[in-house]
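Shown next, in C-alpha cells, is the structure this report addresses.
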C-alpha cells in the first residue's frame, strides 16, 4: 500500500515504451494499485483524532477538558466534559472506521482481480495491482479494463472493439474504439512480444473525452486520439479479445482522476450558526468576567473575614488572583450554553431527513425503477429556502426521447397533414400513418403521417434522396443485427438515433460500418461508401461532418448542425432556397421542435489530399492539437484554397457576381433542407412550474436550443403565459445594442408602474441598489428571453449588474443558445449579487458546471447518462418530483431544523444561566447548582431524544396542505423561522426561564421549615428541586412545541422524564452513597423524603410545590410572551394563509410551537 501513496513530481508529458519495464521504471510512474481508504490499523487513531480536532467545536471542548484537569480552577469533575466528548468522538470514529473498512474491502477486491499480462513473450496471470505502465494486456469479452490502455489489436476486423462506459459516464449504449492501422495486425503473441513502440502523450488528467498522443515506431509517427483508448472502468463487449498497451495506471487513470472530492457546500443556517456560536462564546466570556469581578470584590470585602476557617488555597495570594481563577472556573461551568451534543444532533436530524427523501415512494419512478436519492446530508434545510431555479430544457423539462416529426427538403415542408378543405389536421383527426411495408428493414415503431414524403422518395426525387442519404451517412451510430433483417441502432444521442431511424424507414438503411467504410441499403441496393474523415460534433462547433467517397469516386462532405452555424456557410446560389427553409425553421421552432440544417459540399481530389495532409499534421501536434484540428475542420467546412481564388472580388456585381457564384457553386455548401424533431414535455412539468411560481420561486431556463424552440417550450410549460404584461427579447449583437435593449426593458417596467416623472427616468434618479429594489417591486408580470450572443455581452463585468437587475425583475427568464460555461456564469452571477439560495437542475454532462456552481445541484437520471447525477446533491428521474422535494421535504426540513435550534438554545440557556444567578448567592465561588451527574446527563440523556424526535418527525401541516398552499414556502425564503432576531428571542426566553427556575425555589426555601421546626433549605433539596423543575419544564415545553405527535415523540418525551426520576432516586439512594461516598456526596435521604411527600403527605410539600409553580410560570411565560415567533396554520375555513390578516387569530395565528 505504501507504493500506492508514493508522491511523485508533476509530469509534463508521459513516455511509455512497450515491453520495457526497466525503461519505464526510471520515470517512477504509479503502479496499478489503487487506494481509496484513508487509514490503516496503525494510523487510524492518530489521523482520525487529528481530523476530528480540526473541527473548532471539538477543539473548544478539548480546551475545556484541559481546564477541568487543573484543580485550582475546576469546580466540576472531568467526566462532565469528557463523557460527552468521548461519546461524540467515538460515534464519529466508528462511522469513519466503518466507511473505511468498506473502502479497504473494495480496494482489495479490485486490486486482486486477475489480468493476462504479456511478460517475456508469455501471457501470465497477474493481479491488477502488479500491472505496470508499458505492459501489454489481453482482455476478453465482458472483462473490465484494468488500466488506461492504447488499443493495439482485436479479434474484430480493422482493429475495432466495442466497449460499455457505464461506470465512467453512466451511458449504457456501446461505443466503438479502433486500433491504429499500423498495430491492428499485431494479433499474434510473437509479434506483440517484439513490439517496442514508444508512446509520448499528455500527462494524467481527468478529461474523459480527450486524449492527445503520438506513437513512435519503426522511425514513423502515428497520431493517437481518444478513439484509440480503452479507459479503466470500461467493459469489453461483443469482442472476443483485444490487446492494449498500458499508458496510465492506478491513480493516474482517468477514472481515478475523476474521483476527487467535490466542493463542500454549507447551508445558510450553518453559516449563521457559526456566527451565533462566536456570539455565545463572547457572551460566555462576559458572564465569566462579571462573576470573576464579583468574586474579587467579595473576597476583598467579605471573604477576608473568614480566612481563619476558610483560608485561600496556597497558590492564591490576593483577591484579584482569586477572581482570575474564578473566571476560568465559570468558563468551565457555563460552557453548556454551546454543548457538543448540538453538532451531533444536527447531523442526526439531517441524516433522518435524507432517509425520508430516499424512502419517499411518491418520488419513485416505477417505469425506470429509480428512487429519489439524497446524495448529501448537509443541504436538506436549504431545500426549504430556494428562490431561484436554473433548469436545462432537453431531458430536464422534456423527455429527451426524440421523434422525427417534420422536415424541409428543397424548400418544401413535409410532416403536416391537411384535410379536404386545406386545413391542417390535428393529431386525433389524422388518417392512418404512412405504410412502410415496402421496406422489409423498416422500424415498425416509427410513425409518420405525411404520405407525400414517401411518394417523393419512391418517385426518385434527387433532393429527397440526397437528404436521406446524408442522414444515413453523417452520424456515429452503431448497428447491431440480432437476427436477419432485425436491426438495432445504438446511438450516443437520441437525436442521432431518431434521424438515422427516419432515413431507415424511408429506404436509406444504415447497415454496418468499419473504420474505413459505411454500408447503406439505398432503396434495397447495398452501397458501400469509403469513409475518409469524421469531423466530430462538440458544443463549440455545434455541427458534425463526414467526408465520404462514393463508389463512383466522387468525394463529398455531408454536414448537419445548428442553423446559426450552417446558414452562414451556404453558397450564394442557395439564397432562393434559404428563404423558405428559414421560414420552415421558424415555424418548426415555434411549435417547440428541435431543428437541424443539412448541407453538403463536393470536394476536389487534389484539394482533399492537401487538406488530409494538413489534418494529419495537426493530429500529430503535441501542443494545442485540438485547436489546430478545429482550425483545419473550419477550413474544409467553410472555404478552400481553390475556392478562395475564385471568390468574387470587391466591387463585382450583377452578371459578374452571378458568374462567380456559378463558378464557386461546386466548392461551397449546398443547402439540402432541415429536420424537426419532437421532444415532448415530461409529465407534470407545467403543473410543477405553476406551483413553484406560486411559491415565489423564479425559474430560469438555460438551454442550447434556438430562441423560437425555447420560447415555445416556455409557453407549453406555463413559464410564459398570455397574461404576462410583456415578454422582452434581447437579441443585440454588440455591447451597445444589448445595453440599450436592457435599458428599454427597465424603462417599460418602470413606466407600467407609473414610476417616471418630470421626464427623468429612474436610472437617472436612483442608485443601482435602490433601482434594483424598485424594479423587483414593479407591478405586472414580465419575462426576459436572451440569446446566446447577447448573453455573452450581458455577462461582461461592466454590464452584468444591468442584466441582473432586469432579469430579477422578471417572473421568468429564458437564455437560449448558451454554452455550459455560460450556464455556470449565470448561476454564479445570481449567487454573487443576490442573497438568495439557488438550485440548478439538469440531466447531461453540459449541466455539470451549472449543478456544481449552484447552492443545490439536482441531477435528472435520464437519457444522457449519469454525469449530472454524479455531480449532484440530489437526484431523481422526473422534473415533477422537484415540487415535492422543495415544497414538502425542503419546507419540513427547514421548519424542523429551525424549531430544533430555537428549542435547543432555549433549553440550554435555561439550564446554564441558573449557575449565573447562583453565583451571586454563593460568594461567586464557582459552586454549581446541580450535581455533576445531572450536568453530565442533561444533554445526552434527559433532553436529547425528545428534541431529536421533534427535529426529525415534526410537521406544521400535512404534505397535502404544503402542496395546496405553496405560499407556506415563503417563510423559508425570507428566513423568518430562525435568524438573529429569533435567536435573541429564544435566548431571552431561556434567560427568563432560568430566573424563574432559580428564584421561585429560592424564595420558597429561604424561610421554609420542616414539621419539626428545622430549616428546610439545604443544598441537596434545593438542587434536586431546581433540576426536577428544569427537566419537567423543558419536557412540557417541547410537548407544546411539537406540532405533529407520533408514538416516538410520546415515548421519547415521557420516557426521558421516567428515566430522569429513575436515575434521580438511584443516585440519591443509601446504597450508592454507602458504596461510593466520595462520588455520591448527597446523603441518601431523598428516596425516603420523596416517599413521605408523595405517599404520607407529612407537610414536606414545599419542595414539590415550588417545582410545580416554577414549571407553570415558565411554560405560561413561554406561551404568552409577546413577540415570540409565530407559525401560520391553514384551516379549511380560512383558505390560503397568504390572504389572511394577522387579526385572524381564530383561524390561523397560533403561538410558536403550539400543537394546534
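Yeah, the Cβs are placed from backbone N, Cα and C, and that goes for glycine too.
TrEMBL entries are annotated by machine, without manual review.
Bear in mind that the values here come from a model prediction, so they are computed numbers and not experimental data.
According to TrEMBL, the features are:
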type     : residues                                                             : note
ACT_SITE : 392                                                                  : active site, 4-aspartylphosphate intermediate
BINDING  : 392, 393, 394, 496, 537, 560, 594, 703, 704, 705, 817, 823, 846, 847 : ATP binding site
BINDING  : 392, 394, 843, 847                                                   : Mg(2+) binding site
DOMAIN   : 17-82                                                                : domain 'P-type ATPase N-terminal'
DOMAIN   : 869-1073                                                             : domain 'P-type ATPase C-terminal'
TRANSMEM : 76-94                                                                : transmembrane segment
TRANSMEM : 276-298                                                              : transmembrane segment
TRANSMEM : 318-344                                                              : transmembrane segment
TRANSMEM : 900-921                                                              : transmembrane segment
TRANSMEM : 933-953                                                              : transmembrane segment
TRANSMEM : 983-1002                                                             : transmembrane segment
TRANSMEM : 1022-1040                                                            : transmembrane segment
TRANSMEM : 1052-1073                                                            : transmembrane segment
Exercise. Which residues, sitting 6 or more apart from residue 537 (ATP binding site) on the same chain, put a CB under 8 Å from its CB?
Worked result: 543, 544, 561
For this session: With a 10 Å radius around each C-beta, find which of these binding-site residues (394, 846) has the fewest other C-beta atoms nearby.
Result: 846
Seminar exercise, completed: From 392, 394, 594, 704, 817 (recorded positions), the ones whose CA sits within 10 A of residue 843 (Mg(2+) binding site) are 392, 394
For this session: Go through 594, 817, our binding-site residues, and report the one whose Cβ sees the most other Cβ atoms within 10 Å.
Result: 594
Seminar exercise, completed: Sequence-ordered recorded positions within 10 Å (Cα) of residue 847 (Mg(2+) binding site), taken from 392, 594, 704, 817, are 392
Exercise. Counting by DSSP, what is the helix, strand and coil composition of the domain 'P-type ATPase N-terminal' (17-82)?
Worked result: 31 helix, 1 strand, 34 coil
For this session: Provide the number of Cβ atoms within 10 Å of the Cβ of the residue listed as 'active site, 4-aspartylphosphate intermediate', excluding the reference atom itself.
Result: 30
Problem set entry | Alpha-carbon distance [the residue listed as 'active site, 4-aspartylphosphate intermediate'; residue 846 (ATP binding site)] in Å | 9
For this session: For residue 704 (ATP binding site), list the number of other Cβ atoms lying within 10 Å of its Cβ atom.
Result: 24
Exercise. Closest to the residue listed as 'active site, 4-aspartylphosphate intermediate': which of the binding-site residues 594, 704, 817, going by Cα position?
Worked result: 704
